[in-house]
Each structure stands twice: as structure tokens, then as C-alpha cells.
Amino acid sequence: MTKLTHKPGPHSPPIQVKMSMYELFYRISHWGPIVAMTIINCITFSTLQVTSMWSPFFSSWSSVICHLLFLFLVGSTLYNFFCAMFIGPGYVPLGWHPENIDECRFLQYCALCKGYKPPRAHHCRKCKRCVMKMDHHCPWINNCCGHRNHAKFTLFLISAVCGCILSSVLLFMGLYRAFRVNWYFLYGDHQYIVYLTIYQLAFTVFSFGLALGVVLAVGGLFYVQMKQIIKNETSIENWIVIKALSRPRLENDTFIYPYNLGWWENIKQVFWYPQENGLTDWPIVRGCSPYTLTVEQLIQKEDKKARKKQYTIVKSYNGSWFPLSKGIRTCLNPPCSDEYRIPLSIGDKVYVTRWRKRWLYGEKCSVTGGLEENGVKGWFPRCCAVEFTTTDGEVSKVAKKLS
Ligand SMILES: [Zn+2]
Ligand SMILES: [Zn+2]
């Protein structure tokens with residue numbers, strides 16, 4: 001079943017990166033890269049400072065190897081971090097459509113990019129573009145993780161985890177010697193005593209905590225990424241597959257995920273053949289068509305439309321993430337998502353597709369009742385809306401009563 005219908009070709013054009021100074025500045029001047037670089041600097045500086053006290057660079061062969069390994073991991077982390085940020089995921093050309101216009105019916109249309117979304121592409125609201133093989137928008141690199149930078153992003157994660165494991169061990173050994181400085185002074189080798197001032201000690205403990213935090217948090221993310229790369233799924237596709245497998249179907253209608261070519265081919269596709277054009281030339285398994293997943297997405301979208309309910313806004317909402325005026329319970333039970341929050345005014349109508357106890361997710365409609373061309377989607381407090389079951393006159397009465 002898992003056989004390639006065609007192999008990735010060496011004729012595919014190489015990745016070209018063109019970046020203006022403005023874009024370079026735009027990517028880097030964001031809290032994500034600034035915090036990430038600060039963390040990398042703190043851990044690197046602290047590790048080198050403390051380690052140079054108890055195991056100076058040229059004191060032994062093991063020290064030389066240890067230092068070089070640590071510097072290599074720091075270099076690899078920074079190199080892959082900047083590559084992932086500046087290469088970017090690859091964007092779908094604006095107004096894109098397949099060569100054969102008939103095939104447009106298998107694809108979703110992006111009203112914002114005024115073009116069709118190729119297989120595996122999704123629109124990123126933060127990047128304001130349709131992204132090739134979009135995985136997720138990563139605030140740490142202030143860019144999307146997708147087709148072109150998937151390998152660099154994954155290498156950044158593993159380099160950071162390995163670097164922080166080594167750093168945690170070195171810092172722990174340094175701190176142990178710093179806390180037992182008297183013992184080492186009396187009985188140890190005086191040349192390699194770790195003596196830290198109170199500020200240096202606080203900074204080292206802080207860096208040690210940061211390094212452990214990176215190992216746990218980034219290690220978890222790396223595990224999830226590798227699990228998905230092995231299945232040739234992105235985070236978004238993983239969600240589509242879960243819904244596809246749980247959707248009611250006809251007896252002989254089984255869903256086969258079209259891109260799972262076997263774990264080794266899948267890994268090679270991310271790390272060895274990222275030069276595919278990222279639009280339509282995805283290798284697929286026998287028994288599937290290039291549009292198997294996009295057709296499934298269109299069906300799921302229709303299914304979602306059929307389940308949506310219209311709500312009317314009876315209390316205005318300014319789009320705040322912590323709307324204190326809507327009650328403390330609303331603030332304490334936010335949706336676990338960084339998706340957009342929609343500002344709403346009394347009388348607005350919203351098609352709701354997801355329900356939480358205190359929040360709703362939906363798409364804002366135009367005043368005339370039809371969907372807006374660029375329908376804004378997002379979360380808003382549940383207490384601001386009532387289900388649209390009454391006439392407009394009655395709704396305005398309810399609004400008046402509540403305001
Ligand atoms: Zn788009
Ligand atoms: Zn993005």
C-alpha cells in the first residue's frame with residue numbers, strides 16, 4: 001500500500017532565499033526571537049564562565065572535547081535558529097491556481113491571498129500569507145514552520161536540547177563545587193576552585209533553571225515534531241486525520257492518509273529532499289490522488305458549516321485576552337489557544353463553530369446576514385452573545401436589558 005507513485009526529482013529548483021533589510025529587521029524585532037536569544041546567551045555565558053573555573057579549556061583533553069562539543073552545539077543552535085527564521089516556510093504565490101483549472105474544485109480558496117490553496121498549504125493569519133506545508137506559526141522564530149524550514153527548525157530543537165543537557169551537567173558540577181568551596185579549598189586542587197559572588201551564584205542558578213526548562217519544554221516539542229515527521233504529517237494534518245478517521249462514512253469508503261510513504265522515506269522527505277516545489281508535487285501512496293486530503297478538508301468544512309450556529313452579540317467586547325469586565329471566571333478559563341480574539345459590537349452576528357464553557361469561537365458575519373468577504377474568525381466571551389433564535393427586535397430588547 002505504501003509505495004511511491006513518483007520519486008522526488010533532483011531537477012527541482014534549489015531553495016532561494018531573498019530577504020530585504022526591512023524583513024530581516026521585522027523578523028528579529030519581536031519578543032520571541034529576543035527572548036530566545038537572551039536565553040541562549042544566558043546559558044552559554046554562564047556555562048562557559050563556571051566551567052572555565054573548575055575545568056579550564058586547555059587543562060585536559062576531556063576539557064577541550066567538552067568545550068568544543070558545547071561550542072558546536074551552541075553554534076548549531078544559533079545557525080539553525082536563524083536559518084529557520086530567515087529561510088521561512090515558503091509562501092504560496094498570491095493568486096495561485098493549479099495548471100489545470102478544472103482541479104480548482106478540489107481545492108479551498110483563500111479570500112485573503114485571492115488564490116487557491118495547494119495541497120498541504122494553509123493560511124497563516126500572523127504571516128498574512130498562505131504557507132506551503134504549514135505546520136504551525138512559531139513565535140520563537142517569529143515565522144511559520146513549514147515546507148522549506150521544517151528541517152532547520154527540527155535541527156534547531158535537537159541542538160538546543162543537546163546543548164542544554166550538556167550545559168545542565170556542567171552547571172550542576174560547577175554549582176556543586178561552588179557550594180562546597182570550603183571543602184575544595186582545604187582538600188581539593190586549589191587551582192580549580194569555583195568561587196562565585198552572590199550575583200554570579202544567582203545568575204548561575206537562574207541559568208541552570210533555564211537550561212532544565214529548555215530540556216523539558218523544547219525536548220517535548222522535538223518529540224512531537226519527530227513523531228509527526230515519521231508519519232509525514234504536520235500538526236494541522238494530524239488534526240485533519242483525527243477528524244477524518246472519526247467521521248461517519250459509507251461502508252466501502254475508507255480514508256488513507258496520502259503522504260505516509262514509510263518512516264524512512266518520510267524522514268528523507270524533510271531532511272534530504274526539501275527542494276520539492278511545495279505546491280503540487282508531493283509524492284503520494286498508491287490508491288490516493290494528489291487531492292485526497294484537500295477533498296477531505298472540503299468535506300470537513302461543509303460538515304462544520306452544517307453544524308455552525310448563529311449568535312447575536314448583546315454585550316460589546318474589545319478583543320482583550322483578559323476581559324475583566326466580563327467576569328473573573330471568563331478571565332480564568334480562557335481557551336488554550338493563541339488564536340485571534342475578535343472585537344465585537346452589540347448587534348454583530350457571528351457563526352459559532354466551537355463551544356467552550358466561557359468562550360465561543362466563530363466567524364463574524366456582515367450586517368446583511370451573509371458572510372463577510374474576509375470573515376474574521378476568533379474567540380470571544382460566551383456571556384457577550386445569545387443564540388440567534390429570536391427576532392432582531394427581541395434581541396435589541398435583550399441587549400438593552402443586559403447593558
Ligand atoms: Zn492565504
Ligand atoms: Zn505564520
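Every residue, even glycine, has its Cβ placed from backbone N, Cα and C.
According to TrEMBL, the protein carries these features:
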| type | residues | note |
| --- | --- | --- |
| TRANSMEM | 28-48 | transmembrane segment |
| TRANSMEM | 60-82 | transmembrane segment |
| DOMAIN | 107-239 | domain 'Palmitoyltransferase DHHC' |
| TRANSMEM | 155-178 | transmembrane segment |
| TRANSMEM | 198-224 | transmembrane segment |
Sequence-remote partners of the transmembrane segment (60-82) [C-beta within less than 8 Å, at least six residues beyond its ends]: 36, 40, 44, 47-48, 51, 141, 152-153, 155-156, 159-160, 162-163, 166-167, 170
The domain 'Palmitoyltransferase DHHC' (107-239), counted residue by residue under DSSP: helix, strand, coil: 79 helix, 16 strand, 38 coil
Tertiary contacts of the transmembrane segment (28-48), as residues 6+ beyond its ends and Cβ separation under 8 Å: 67, 70, 74, 77-78, 81, 85, 138-142, 160, 163-164, 167, 170-171, 203-204, 206-208, 210-211, 214
